[in-house]
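Attaching a single structure in structure tokens format; questions to follow.
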Amino acid sequence: MKAVLSLLICVTVTVFAVFGVCQGGDLTKNFYKNSCPLAEEIVQNVTWMHTSTNPVLPAKFLRMHFHDCFVRGCEASILLNSTANSTAEKDAIPNLSLTGFDVIDDIKAQLETKCPGVVSCADILALAARDAVSFQFKKPIWEVLTGRRDGTVSLASEALANLPSPFSNYTTLQQSFASKGLNVQDLVVLSGGHTIGVGHCNFFSNRLYNFTGKGDQDPSLNPTYAAFLKTQCKNLTDTSTVEMDPHSSRNFDAHYYVILKQHEGLFKSDAALLTNTGLGKLINQLTNQNTFFSEFGMSMEKMGAIGVRTGTLGEIRKKCSVKN
């Protein structure tokens, strides 16, 4: 996949924090400690309130954060609405199934009441993704560094050019992640996010009914699992949904790697991880939940620093859906 890169690409290094090596400064822990001391508590409280009644929110926010960072960096371009003259990222085909924008708006409104013009939408999204996933544990399961500022451009065409496809093979996935400063380990670890959420049949049904264009089934897909999927996805155009991690799609855990080893990864992009035999040891290690959680936190920290705007770059939006 040929990626359209952001004009601002930060090289990130994890030491005690992730430092964005670009004009404007760096992300830090507790960035709002003085300017809005309750910022992270407000984000967590509102996110947890919504997640308590909307159990699909963790998967939605995790995907929204990922899709934001892979296009122009983590600067909340995914949240901007389309205008009469421009179609925004959120209206690109890969993003049409995203939901939860109303929750982001709720968080932002409460923060604006407490600390007007201080907390960026980019930081809200990064924190809300972490907090939604962490709801089941009642404590944060990875650290989010803050200090991002918001971008002012959002183009659907860039989402199509930059977001990895569920139809991607290993080489394409590796190149896509490398273009964002992420390595093969990050690719495998972040794919573990598929332990929660659902997938639409039309994004993998070719593996069931027409893998090579001859009406055949993907031979790498577990036959028993394939038979089950055919009961849920009746044809190539069926848009029904199925769990990405069978029987565990609302629990954030290491089960994704268990089913991956059993050749039950839902998308071609999941199965692609098994085509590189050198990744077998890593996949085995990630079946241990403590290992997965630790590695996931580190990879999320790296992903959350892609192309960030800090310092005086960008802006702090008053409303997350429109630029100032």
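FYI, residue positions are counted from 1 along the chain as it appears here.
Using N, Cα and C of the backbone, Cβ positions are placed for all residues, glycine too.
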Taking TrEMBL as the reference, C69 is linked by a disulphide to which residue in C36, C74?
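The record-listed partner cysteine is C74.
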Going by the disulfide annotation in TrEMBL, which one of C121, C233 is bonded to C201?
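Recorded partner, per TrEMBL: C233.
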C36 has a disulfide partner in TrEMBL; which of C10, C22, C115 is it?
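TrEMBL lists the disulfide between C36 and C115.
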Rounded to the nearest Å, what's the C-alpha distance separating E89 (Ca(2+) 1 binding site) and P164 (substrate binding site)? Just drop the number here, would you?
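Their Cα atoms are separated by 14 Å.
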Cα-Cα, whole number of Å: T195 (Ca(2+) 2 binding site) versus C74 (disulfide bond)?
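Per the Cα atoms, T195 (Ca(2+) 2 binding site) and C74 (disulfide bond) stand 23 Å apart.
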Counting only other Cβ atoms and using a 10 Å cut-off, which of the disulfide-bonded residues C69, C115, C121, C233 scores lowest?
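If we count Cβ atoms within 10 Å for the disulfide-bonded residues C69, C115, C121, C233, the smallest count is at C115.
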Around the recorded Ca(2+) 1 site, report the further residues of that chain (criterion: Cβ within 8 Å of the mean position of the Cβ atoms of D68, V71, G73, S77, E89; site residues excluded), sequence-ordered.
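Sorted by sequence, the hits are H67, C69, F70, R72, C74, E75, A76, I78, G151, S154, E158, A159.
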